[in-house]
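Quick paste of what TrEMBL says about this protein:
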type: COMPBIAS; residues: B:1-13; note: compositional bias 'Basic and acidic residues'
type: REGION; residues: B:1-31; note: region 'Disordered'
type: COMPBIAS; residues: B:14-27; note: compositional bias 'Acidic residues'
type: BINDING; residues: B:Arg40, B:Arg62, B:Asp203, B:Leu204, B:Asn205, B:Arg209, B:Ser210, B:Asn221, B:Val222; note: ATP binding site
2 protein chains.
Amino acid sequence: MTEESERARRSECESEFESEPTTEIDVPESHPRYQSLLTRHRIEHGVEAGITSKQGLIAQGRGEAFDYLLGEETIPSADAAERAAAAQLLLADHPVLSVNGNVAALVPDELVELADAVDAALEVNLFNRTEARMEAIADHLRAHGAEDVKGLTADARIPGLEHERGKVDTDGIYEADVVLVPLEDGDRAEALGEMDKAEIVIDLNPASRSPRVASIPIVDNVIRAVPNITAHARELADADSRTLERIVDEFDADEALEAAEERIRSGEF
Amino acid sequence: MTEESERARRSECESEFESEPTTEIDVPESHPRYQSLLTRHRIEHGVEAGITSKQGLIAQGRGEAFDYLLGEETIPSADAAERAAAAQLLLADHPVLSVNGNVAALVPDELVELADAVDAALEVNLFNRTEARMEAIADHLRAHGAEDVKGLTADARIPGLEHERGKVDTDGIYEADVVLVPLEDGDRAEALGEMDKAEIVIDLNPASRSPRVASIPIVDNVIRAVPNITAHARELADADSRTLERIVDEFDADEALEAAEERIRSGEF
């Protein structure tokens, strides 16, 4: 299929799916719903680019509801988790940032910046793996400045997961000592956690399995969490290992999950 | 475009959007996630049938999160609201059930049964109105047994809404004395409420504007709420007007919203 006919077909599919044109977000940053409108705009663009799935849109909605209950802000325990994540990534010998469709759609620039700040690899890793989506996501990351995108080699498996779900790169997630998995499925978060890696999970539902199996669970919106990990990493760039280790050790995962639950329960409706 | 080429194009679009085939739900009813898996299955079929929009998928996810916090069950205050809704619909001279894409995808049979039980009209009414989606939803309802589907005439307007958003049928929502609007947008729920109608809203977020402007807000999953309204209507079929009026009068909307908020805050995580 030529690029042009592919584009024509895609545009036809979009108009089938939702008829109004997608326009740039036309609200000022001061608008109380700016962040949620921007988030939704990016995720819808993700569908058009072939990188966000139907499941991804539903997951986005679940996240919106939890974020709403959290007050749509980075709560202090999440900021502490983001600082610990930055320290953990800086301490790593071989850190990898795992990227799925929603994450690529929501924070492509921010992921490239974080990978740069902590010298980590980016690896595309999908729950519903198809070559077309893998390529679309890798292309999207490259268009946002990523130089080396892993995940397409798929020459290793995460133990305990069925074949397609477990595919990873040997020199990527398989051999990583620290993995950041934003918006990860519970089974895979658990299987990764059993591989003797430090696992950092970003998830807006403090009760879902992924943050519960993580060594560092971050209950925050990826759109706020990823740039904040980068900001902490830049601030800690010159810190010695002892300082970084102390930051990681002082972080208490259970306490952070409890604080998030508490916030969700007591937040303003 | 022939029906066959239309089907071929649609199937191509689906494979573009999500590659795995949609199969019938293959889990027993006793499965703890049965209802949420069935719900998701129906909504995804809605996308394939051209009746659920991207916004609809995101809204579905938000609903899932609130339903999860509610315990995925009809709480007593919601059951009371559903009983009051049944009484209100039975008392009506001209009741209309408003149907959008998600509602049509999730509860087509159940809507037809409710319309039958309370002698109400069904009217397709979309936030993102396009003729193609209007027709697809009307076809879907007819395939599930609806005889008369309103909404396509669009010869009246709800005051206070921009042109496309406000389109309704004169002999449908415009002249209705009682309207059931499940999963409605806040602006439209408010505009309808100002038209001197009794408005019944189904919404899983007790803090969103639609249930707050409703005369009878139902904080429940449509997949449970609609059949439960029907069950109450059948039980009340022979009740006299005084009994029905007492049921409506005794229902307290603010109390029901507070009970739902309380449940969300105190539910098991």
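Each position is counted from 1, following the chain as shown.
Using the three backbone atoms N, Cα and C, a Cβ is placed for every residue, glycine included.
Curation does not apply to TrEMBL; its annotations are automatic.
For the listed features, I'd like the structural context: burial, neighbours, distances.
In the three-state DSSP classification, B:Asn205 (ATP binding site) falls within coil. In sequence order, B:Arg62, B:Gly63, B:Phe66, B:Pro211, B:Val219 constitute the residues six or more apart from B:Asn205 (ATP binding site) in its chain with CB-CB distances below 8 Å.
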According to DSSP, folded down to helix, strand and coil, what is B:Arg40 (ATP binding site)?
helix
Can you name the binding-site residues among B:Arg40, B:Asp203, B:Asn205, B:Ser210, B:Val222 whose Cβ is less than 8 Å from some Cβ in chain A?
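Checking chain A against the binding-site residues, the residues within range (Cβ-Cβ under 8 Å) are B:Arg40, B:Asn205.
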Inside 10 Å of the Cβ of B:Val222 (ATP binding site), count up the other Cβ atoms and send me the figure.
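Other Cβ atoms found within 10 Å: 21.
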List nothing but the largest Cα to Cα distance in Å, as a whole number, among the residues B:Arg40, B:Arg62, B:Asp203, B:Leu204, B:Asn205, B:Arg209, B:Ser210, B:Asn221, B:Val222 that the record says bind ATP.
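The widest Cα-Cα gap among those binding residues is 25 Å.
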Under 8 Å Cβ-Cβ from B:Ser210 (ATP binding site), six or more apart in the same chain: what's there?
B:Val181, B:Glu184, B:Asp185, B:Gly186, B:Ala189, B:Val201, B:Asp203, B:Pro217
